[in-house]
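Features of the protein shown, as given by TrEMBL:
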- B:20-41: transmembrane segment (TRANSMEM)
- B:53-71: transmembrane segment (TRANSMEM)
- B:91-114: transmembrane segment (TRANSMEM)
- B:147-167: transmembrane segment (TRANSMEM)
- B:187-206: transmembrane segment (TRANSMEM)
- B:218-239: transmembrane segment (TRANSMEM)
- B:259-277: transmembrane segment (TRANSMEM)
- B:284-308: transmembrane segment (TRANSMEM)
- B:328-350: transmembrane segment (TRANSMEM)
Amino acid sequence: MDKSKRQFLGKMASVSVGAALIPVVQVYAQDNPQSGNAGSCSQTYNASEGQVGKRYGMVIDLRRCVGCQACTVACTIENQPPLGQFRTTVQQYEVSQQDEASSPAFLMLPRLCNHCENPPCIPVCPTGATFQRKDGIVVVNNEWCVGCGYCVHACPYDARFINHDTNTADKCTFCAHRLDVGLLPACVETCVGEARVIGDLNDPNSQISQLLAANSSDIKVLKPDANTAPRVFYIGMSSAFEDRISGQAPVRTLLTDTGEEIHHGH
Amino acid sequence: MVIKEIFTPDIAITWLPWAVQYFFMMGLAYASVWVATIHLFSKGKRDDRLLKLCASLMLTAGIVAPIALLADLHQPLRAWHFYAQVRPDSWMWFGAFLLPVFSGTSAVFAWLLLRQYLPNRSNQPNQDWVQRIASLLRFGDWESEKLIKIIAILTTLSACSIALYTGMETMAIKARPLWHTYWLPPLMATSALLAACGTLAVLNRLLHGYQQATQDSLLLWIRASFGLFALCLIGWALFDNGSAPEAALLLETSPSWQLAAIWVLITLALLALMLALRHLPNSVMLIVSLTSIHLAWGFRWIVLIQAQTDPKYGAGTYLYQLPWGPEGLLGIAGTFGLWLALIALVSELIRHTPKATLSR
């Protein structure tokens, strides 16, 4: 065997060993709370500081959302919340006019933390475990959180929950751990219709800023009167969905430990 | 436009029944401080029985309440984090400082009121072991009368701070329109007073040494606190423009809220009817006391647990089913069980009758 062929095979071997190690590295990243949850320091970046000078926001173009829940699944795989708890979901509504002749339309409403400019969840926190990074992302230091649930109540969007595994407050972080290493959030990455766009609101040339400028007459936020200044914007949303929905509730069900369904009365 | 929710997640409650137990027990503790102090500073013959019952209640409920609060934290061992930084925007953070102050002052106040019922070591040579422990707790044979009024004022201020912070902590949450009303703190405080007077009346009957005069004055207290609570409730229903309309909305659509409203109205009507009687037989007085306790506890359940089933964005209500374990029924039963054990322990320690009382 000549020298160059031996070098080539040697390099191939190291590449394949490296490829085989990728899943191990990913598993380590998931198991290591410091890399998964902002608020703790890692060696490469200061997760609690954020990216100075930027202001992250998200635009969700409802005209492009088909309600496939790929974002819900991607987020769940990325962030591993307990079964039945979600950092993002796509809520689905049937909308019809008063006259019965017209056929109903469906609205798919992706929901996540709004990373508000004036977040009501932060001042109520009695320990300072939840805070806003310099790039506007609202995060929880789950090693400091006492699990009092006060922030869960204070959020007007039901975006927070007490994680049943960690017993601390949990929420969408815009996948800050991915953004900080130059990746897109899992939900944005996976969206089949490219309905979710994340970017720097401070940069007028960013895709999100241009999208906001181009659709300025059709931009809405949830609960605009709540004085929270959300940084998740919706394109193509009816004003009927801005505030609390006045409509008919679904039949909700609960599962018992044995998997039996308990129906609610309405 | 007609909107039907097709697919939305169900959201679990965050504050567990432990929170109801905390607000209820804390209410009993701070309201019994109020009753004792007002009695100490009012003219007329001093009712030692009433003071003894108040002291027993503030001591025992004051011990159980913080335990229930710790249990409601999902990370109770991290409670020290409250004290590791300054968070002046959070009512809960202030509460973390006000609560230990109240625990301390109310325990001292209760001890000063109860000291005279702890046996003196030198007076009784043939003491059993309970009496020996009780006499040790007396910490010497000195007169505590001088200190009582000063401590009473300090404890009452502390009790007011607890009533204020527990009410405001809940009221401050704008995202829950049912809570976000200035009527909530007075409703909490007046119902706490009602429950405390009801509990004192039950204790008067339950513990050895029943006094009719004490029961009569407690009936007055119950009448007054029920009147105040009912006035606050009417004020809320008539003048509130955020929380009351939200409740009306829930009443229209939710069977569980309709049931709650029927329960509130029936309980209020029953209590009002019984309290309207000029002379209450002992049995009716007992029912009045228990109904008062029931009303105040149920009010806290509706405010703290059922209000969490009110969606912030969606239609209808979320589901809640009381679990059997510590996060549900066992937690409720355990808290009451602990309180019963403590009240039994206190009543056992203070069974001694001081000579001063005998000669009176």
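Glycine residues also receive a Cβ, built from the backbone N, Cα and C atoms like all the rest.
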Inset, instruction - Given the cut-off of 8 Å on Cβ pairs that are 6 or more apart in sequence, determine whether the transmembrane segment (B:91-114) and the transmembrane segment (B:20-41) share at least 3 such pairs. - result: yes
Legend entry - Criterion met for the transmembrane segment (B:284-308) and the transmembrane segment (B:259-277) (at least three Cβ pairs under 8 Å): yes
Legend entry - Contact check, the transmembrane segment (B:218-239) vs the transmembrane segment (B:259-277), 3+ Cβ pairs under 8 Å, seq sep 6+: yes
Legend entry - Remote residues contacting the transmembrane segment (B:328-350) - C-beta distance under 8 A, at least 6 residues beyond either end: 16-18, 20-21, 25, 52, 56-57, 59-61, 63-64, 67-68, 71, 114, 117-118, 130, 133-134, 137, 203, 207-208, 322
Inset, instruction - Residue list, the transmembrane segment (B:147-167) vs rest of chain: Cβ under 8 Å, 6 or more residues beyond ends. - result: 23, 26-27, 29-31, 33-34, 36-37, 40-41, 58, 91, 94-95, 98-99, 101-102, 105-106, 108-109, 112-113, 184-186, 188-189, 192
